[in-house]
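Now, the feature entries from TrEMBL:
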- 53-72: transmembrane segment (TRANSMEM)
- 84-107: transmembrane segment (TRANSMEM)
- 269-290: transmembrane segment (TRANSMEM)
- 310-331: transmembrane segment (TRANSMEM)
- 352-373: transmembrane segment (TRANSMEM)
- 385-403: transmembrane segment (TRANSMEM)
- 458-476: transmembrane segment (TRANSMEM)
- 496-513: transmembrane segment (TRANSMEM)
Amino acid sequence: MEAHPSNIETAAQLENIQHCSSPSRPPNVDAMRESAVHHVAVVMERAHHGGGWLLSGIICINILILGCALVSGSSSNSVAITTVHQQIFLVILLLLTMLWMLFYTVITSRKNQAVVFKDGHAGPVWLRGESSLGTVFRYHFGKLNSCLFQSYFLWVHAKDCVQRHTNFTRCGLTLTLSTNLVVWMAAVTEESIHQTEIPDLNITSFGDKNCKCSHSVCDVFKEAYYYLYPFNIEYSLFASTMAYVMWKNVGRFVEDHGNHNVKFRLKDVCLGPLTGMLLVVAGLVTFIVYEVDIQEEDEEKRNSALLIHFIMNIVIVSLMSISTMIGCIFYRLDRREHVSEKNPTRSLDMGLLVGASIGQFIISYFTIVAVVATGAKGYLNALNLAWAVLTVFQLGLQNYFIIEGLHREPFHLMQEAALHTNAHAFPEHVEMSIVVETNKCSYFPTLSFDKLSWKRRVLKEVCAFLLLSNIILWIMPAFGARPQFDHPLEIKFYKFTMWAAIVNIGLPFGIFYRMHSVASLFEVYLIS
């Protein structure tokens with residue numbers, strides 16, 4: 001069902017009435033108006049659901065299952081299903097996705113009152129930037145045009161809450177989502193096959209010695225692909241994430257426009273950023289040493305590189321665990337209400353956080369089982385076990401810290417609510433300024449001073465430290481650190497084929513988790 005213009009205008013008028021309410025008006029009148037606005041929005045959103053949700057879900061499930069079957073069939077050395085069939089299927093999906101995005105951009109988004117509302121939380125700059133950056137690293141030239149167009153589409157329309165052609169838009173978005181997931185599955189499977197068929201840990205798709213290339217650029221791509229592979233993999237995950245948020249926002253009516261009152265400042269924190277930067281620098285130094293020495297044929301140097309890498313990671317996750325526990329304690333001291341508003345972007349952020357961490361959990365638990373089963377003999381095995389156990393502990397604590405932080409009511413909203421309610425109690429500290437816009441009026445209270453309490457300061461210090469620590473834990477695996485293959489214990493225990501599949505599935509999720517944690521911690525920092 002399409003949104004009727006009169007309904008949209010009615011909701012907008014009620015919203016304006018709510019915003020223009022005077023602070024002196026009795027609270028029960030404001031509550032009644034707020035309830036009326038909420039009721040109208042809920043009724044209108046329910047009217048949009050219809051069969052579009054079901055149909056789009058069916059399309060997504062069928063494409064994913066068919067894609068899994070084709071990817072699995074082409075990877076089993078079957079004569080009947082080859083890589084060519086898989087590529088034809090992907091090309092068809094990409095063409096259909098491009099046609100729908102073109103239709104949305106040219107027709108749907110330009111219709112009258114098609115995009116009345118924008119979700120301020122959807123499509124954050126970091127996510128759109130990463131999806132755009134990912135297009136640079138797409139190595140299949142057949143996909144390049146599709147990726148460029150998709151990046152443009154997501155950058156421009158990621159915040160849309162479309163009210164026209166809703167059913168067709170939902171189907172198009174699930175097509176986009178499932179296409180990106182199938183592309184991701186194909187890339188992960190292809191990488192696993194290359195490592196299985198050519199068991200040289202430093203050789204990937206460009207490493208086949210039977211493939212000759214006379215151009216000097218080939219050597220550059222050969223070296224660069226190994227380091228840029230995670231970007232290529234994660235592009236599809238980023239695009240799927242943004243398509244899902246757009247799908248949830250189809251026909252949605254939102255009142256907020258993001259955290260426009262929040263300003264990022266580092267002047268109130270010192271210890272967290274300073275300690276975090278020291279860890280980043282130390283991690284980069286040990287990472288460079290690791291990358292240089294692990295290439296050597298001398299086993300002693302390789303063991304020394306692994307020793308340094310394990311110790312550095314143990315130190316990082318240990319400090320992160322301690323700081324996260326401190327942050328969780330201060331959550332209890334700095335009591336706040338939980339946000340009751342339904343927000344698809346926030347829900348997805350938390351779902352992605354937990355889901356992406358599963359990749360690192362899988363690798364860590366498989367390592368724990370392998371090391372314990374073999375007796376954990378030798379200092380490298382002991383350090384590897386300690387790193388895996390601490391990583392599991394740190395991931396659980398950090399997930400709790402971030403999710404609890406995102407659920408808490410932002411400080412600036414609590415401050416504004418308190419000032420609206422008690423403005424007469426402290427006139428010497430508050431200036432009430434009335435900003436009148438077209439058909440709108442709103443009150444913005446501003447404090448004459450804004451100093452952090454000691455509890456908020458500690459929470460911001462913890463967020464800043466965890467943010468920088470996650471950056472270095474993202475850099476090392478994203479740019480080539482593979483101790484899972486350089487340390488032979490797991491390969492001997494699980495055999496190379498199985499272990500390569502585990503790492504190639506879990507590692508991209510682990511890298512995505514660290515990057516997503518950085519963005520989530522930045523949000524927690526702002527609202528603390």
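Keep in mind that glycine also has a Cβ here, set from the backbone N, Cα and C atoms.
The structure displayed is predicted, hence computed values, not measured ones.
Per-stretch counts of Cβ pairs under 8 Å to the transmembrane segment (84-107) identify 53-72 as the leading one among 53-72, 352-373, 496-513. Of the recorded ranges 269-290, 310-331, 496-513, the transmembrane segment (458-476) has the largest number of C-beta contacts under 8 angstroms with 269-290. The recorded stretches the transmembrane segment (385-403) and the transmembrane segment (310-331) share 3+ CB pairs below 8 A when only pairs 6 or more apart in sequence are counted, and are therefore in contact. Sequence-distant contacts of the transmembrane segment (352-373) (same chain, six or more residues past either end, CB-CB distance under 8 Å): 241, 381, 384-385, 388-389, 391-392, 395, 399, 402-403, 484, 489-490, 493-494, 499, 502-503, 505-510, 512-513, 516-517, 520. Residues of the same chain lying 6 or more positions beyond the ends of the transmembrane segment (496-513) and with a Cβ under 8 Å from any Cβ of it are 188, 191-192, 195-196, 199, 230, 233-234, 237, 352-353, 355-360, 362-363, 366, 395, 474, 477-478, 482, 484-485, 490.
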